[in-house]
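As recorded in TrEMBL, the features of this protein are as follows:
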type     : residues : note
DOMAIN   : 30-477   : domain 'Major facilitator superfamily (MFS) profile'
TRANSMEM : 26-54    : transmembrane segment
TRANSMEM : 66-85    : transmembrane segment
TRANSMEM : 97-119   : transmembrane segment
TRANSMEM : 125-141  : transmembrane segment
TRANSMEM : 153-171  : transmembrane segment
TRANSMEM : 183-206  : transmembrane segment
TRANSMEM : 323-344  : transmembrane segment
TRANSMEM : 350-374  : transmembrane segment
TRANSMEM : 381-410  : transmembrane segment
TRANSMEM : 448-472  : transmembrane segment
Amino acid sequence: MEDNKQTQVARIQDFDPPMKPKTNKYAIACTFLASLSSILLGYDIGVMSGAIIYIKKDLHISDVQVEILVGILNVYSLFGSAAAGRTSDWIGRRYTMVVAAGIFFVGALLMGFATTYAFLMFGRFVAGVGVGYALMVAPVYTAEVSPASSRGFLTSFPEVFINFGILMGYVSNVAFSKLPTNLSWRFMLGIGAIPSVFLAVSVLAMPESPRWLVMQGRLGDARRVLNKTSDSLQEAQLRLADIKQAAGIPENCNDDIVEVPKRPNGDNVWKELIFSPTPAVRHILITGVGIHFFQQASGIDAVVLYSPKIFEKAGIKSDHDRLLCTVAVGVVKTLFILVATFMLDRSGRRPLLLTSVGGMVASLVLLATGLTIIDHSEHKLVWAIVLCIAMVLAYVALFSIGMGPITWVYSSEIFPLRLRATGCSIGVAVNRVTSGVVSMTFLSLQKAITIGAAFFLYAALAAVAWVFFYTLMPETQGKTLEEMETLFGTFWNWRKRARALKELKKTEKHSNDNGQIQMATNNPAMQNFMIVSTQSNIVV
């Protein structure tokens with residue numbers, strides 16, 4: 001009788017909805033530590049916006065030299081991001097972060113002790129290489145450590161720390177603004193060496209990426225990391241099986257150390273990515289590079305780096321007051337990126353991204369309108385000044401809630417395993433080049449066509465970005481990294497494939513709920529999905 005009651009209870013409980021997995025604190029800790037590397041870029045962006053006011057006064061440099069000094073770090077970072085892909089495949093994601101921290105540490109000290117413009121430019125070069133390393137490796141590591149249920153939340157951490165670094169830079173500007181001119185900017189730049197020390201030390205507490213460990217044949221180590229960073233042991237086993245399949249390791253091979261099979265044509269990642277990609281990889285590359293391009297082409301660095309200049313044009317004349325306004329920009333930017341981290345895995349990538357970019361277009365148009373009115377007015381217009389300040393804050397808030405974090409989340413999760421490090425490094429390179437072009441042309445652009453027209457231009461580019469995202473970018477929420485390619489390959493017709501995948505999952509769930517196992521060949525949804533996948537020549 002008692003057994004019958006227990007059986008009855010068990011059957012009733014079978015109808016309960018599955019419990020949501022608990023947040024994996026170990027995975028959060030790992031991605032938190034890895035994302036510290038993003039502070040390096042954020043601090044440099046934030047601090048340079050204020051330091052350049054005093055550098056220009058102390059070293060007596062022109063506006064063109066100011067543009068080059070501010071934006072050249074983005075170009076220099078190309079050297080770091082180009083090398084980081086191969087470096088992270090060679091020595092691992094973890095120790096690549098140490099390399100990034102060490103290089104930036106040296107660069108920050110060189111900038112702090114610079115005595116001439118040339119010396120300062122050399123320090124920017126060294127720091128830029130370190131930033132390039134950090135920008136590439138942090139999103140890759142966090143994507144590879146994160147469980148699928150919280151990957152959006154965790155892989156947005158690098159963007160959170162970029163924003164935190166920007167805020168630290170703004171606060172540093174205000175803190176040292178009262179020092180003598182020849183000391184203020186040197187303290188602002190030199191103190192940037194401190195975050196790199198914390199980053200290098202934090203690496204000691206981090207495990208290596210499980211996907212990199214599998215690529216090295218270290219299945220035992222990868223299994224232990226996956227057990228800690230997955231929501232359940234079953235998920236850890238599935239993640240390991242998917243990674244093994246992607247690496248070409250037989251499913252029944254479970255030794256701690258195995259030999260990873262080499263491809264007949266060798267390890268020609270560039271050929272697979274650029275010269276002869278499958279339709280799926282080509283689609284992935286276009287969207288991965290496109291989102292990085294439009295993130296910067298929409299003018300975020302012009303606003304963040306030159307916010308004191310924007311506030312000056314809006315009518316705020318005091319250096320100290322303008323720097324205080326930039327702190328407000330940093331606070332708003334950081335608060336809204338925190339909001340975005342909790343929405344990414346609930347709302348999905350596409351809804352947040354499209355809402356964010358649409359709002360950015362509107363705020364840029366209003367900012368450009370306000371600045372144009374102020375430019376053509378002979379009297380001080382308080383309402384126009386308030387409008388400009390409000391639109392700057394609205395723009396950075398809207399950027400932070402979608403465009404900012406989703407760029408790093410999306411690009412780090414769509415590339416297949418073998419192409420991920422190199423693919424992400426290409427995306428970062430495009431990101432930095434575009435950022436460099438924007439930051440090194442803003443002052444000249446606003447002189448040539450007025451500051452209002454410059455922001456109208458950024459608004460137009462943001463509108464093009466919205467169309468690009470709506471047309472070409474599938475939703476990736478809840479997909480494992482190893483099944484990501486199945487969504488790509490048909491470009492603007494990706495919605496059909498997404499529907500086929502959704503139908504397949506519903507059918508599989510229905511079969512599992514009824515305790516039935518259906519063969520793929522007898523399942524219409526699976527047949528449809530297999531046909532679509534085969535037509536795209538998907539190769540993981």
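One is the number of the first residue shown, and numbering goes on along the chain from there.
Using N, Cα and C of the backbone, Cβ positions are placed for all residues, glycine too.
Note: TrEMBL annotation is automatic and uncurated.
Ranked by number of Cβ pairs under 8 Å to the transmembrane segment (381-410), the listed stretches 26-54, 323-344, 350-374 are led by 350-374.
Touching of the transmembrane segment (125-141) and the transmembrane segment (323-344) is ruled out by the presence of fewer than three CB pairs under 8 A, sequence neighbours closer than 6 excluded. Residues 41, 44, 48-49, 52, 55-56, 96, 100, 103, 117, 120-121, 124-125, 127-137, 301, 305, 421-422, 424-425, 428-429, 432-433, 435-444 of the same chain, all 6+ positions outside the transmembrane segment (66-85), place their C-beta atoms under 8 angstroms from a C-beta of that stretch. Spatially, the transmembrane segment (26-54) is not adjacent to the transmembrane segment (350-374); fewer than three Cβ-Cβ distances between them are under 8 Å for residues at least 6 apart in sequence.
Highest Cβ pair count under 8 Å relative to the transmembrane segment (183-206), across stretches 97-119, 153-171, 350-374: 97-119. Remote same-chain residues near the transmembrane segment (350-374) are listed as 294, 298-299, 310, 313-315, 340, 343-344, 381, 384-385, 387-388, 391-392, 394-395, 398-399, 401-403, 406, 410, 450-456, 458-459, 462-463, 465-466, 469-470, 473-475 (criterion: CB distance under 8 Å, separation of at least six residues from the stretch ends).
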